[in-house]
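In what follows, a single structure is set out as structure tokens and then discussed.
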Amino acid sequence: MAKVPDLFEDLKNCYSENEDYSSEIDHLSLTQKSFYDASYDPLPEDCMDTFMSLSTSETSKTSKLNFKESVVLVAANGKTLKKRRLSLNQFITNDDLEAIANDPEEGIIRPRSVHYNFQSNTKYNFMRIVNHQCTLNDALNQSVIRDTSGQYLATAALNNLDDAVKFDMGAYTSEEDSQLPVTLRISKTRLFVSAQNEDEPVLLKEMPDTPKTIKDETNLLFFWERHGSKNYFKSVAHPKLFIATKQGKLVHMARGQPSITDFQILDNQF
């Protein structure tokens, strides 16, 4: 009868061969303790209360670390407070090192120096127009209008809503978001509302047509949130900011009060 191969013995031999290979390459003892169990010699006084980078072979003298190095926070008495492996093969900033000290959880650090847009590859696909030629009124019953320059939006108390800006709301969908992203286009034009930074007026951006897919132009997208008769438009590009109004100001982006962030949607809906 043929002998059944001993898989555990094969794995053991495989690990043994890998250990020998690793020893030749790294010149490290295979019996040494892991990074988390490692102990370190006392540090000189000028290294106390500072961030240091320790690799398996030498101490790094720069704050630019790669994934092969480890970060250690040392207290004034020389006691090691925190140790962590970095998993991203790229440079990180001093702010990232500061986060290690302030973060009570042990885990992977995502460098804050990486811009939001580079951390997400979300694509938003156009579905359909959900509101056609609608008017937006704020809590002061002021309607959204074009300002005199035509480049921005403002608000005014109107007797005739025909003078208010009419919007077409285009709904989008993505695999990652449970909310409803929409665009706000001025009806019968190619002008789309585009979010800006906090307290800056929204812009009217001209596009060739309604985008079928939005990936990089997320300033054009807003999460439409409805609470009863109140409607909120939260920026996809700046998730803490909402389309807002304020007496004497252009329509702008704000977190909340003293600006008004809720609107009523009037006119045709389908």
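These residue numbers are counts, starting from 1, taken along the chain as shown.
Using the three backbone atoms N, Cα and C, a Cβ is placed for every residue, glycine included.
Among the residue ranges 77-81, 82-86, 207-211, the one that Swiss-Prot annotates as region 'Nuclear localization signal (NLS)' is 82-86. Its own atom aside, the Cβ of N141 (N-linked glycosylation site) has 10 Cβ atoms within 10 angstroms in the protein chains shown.
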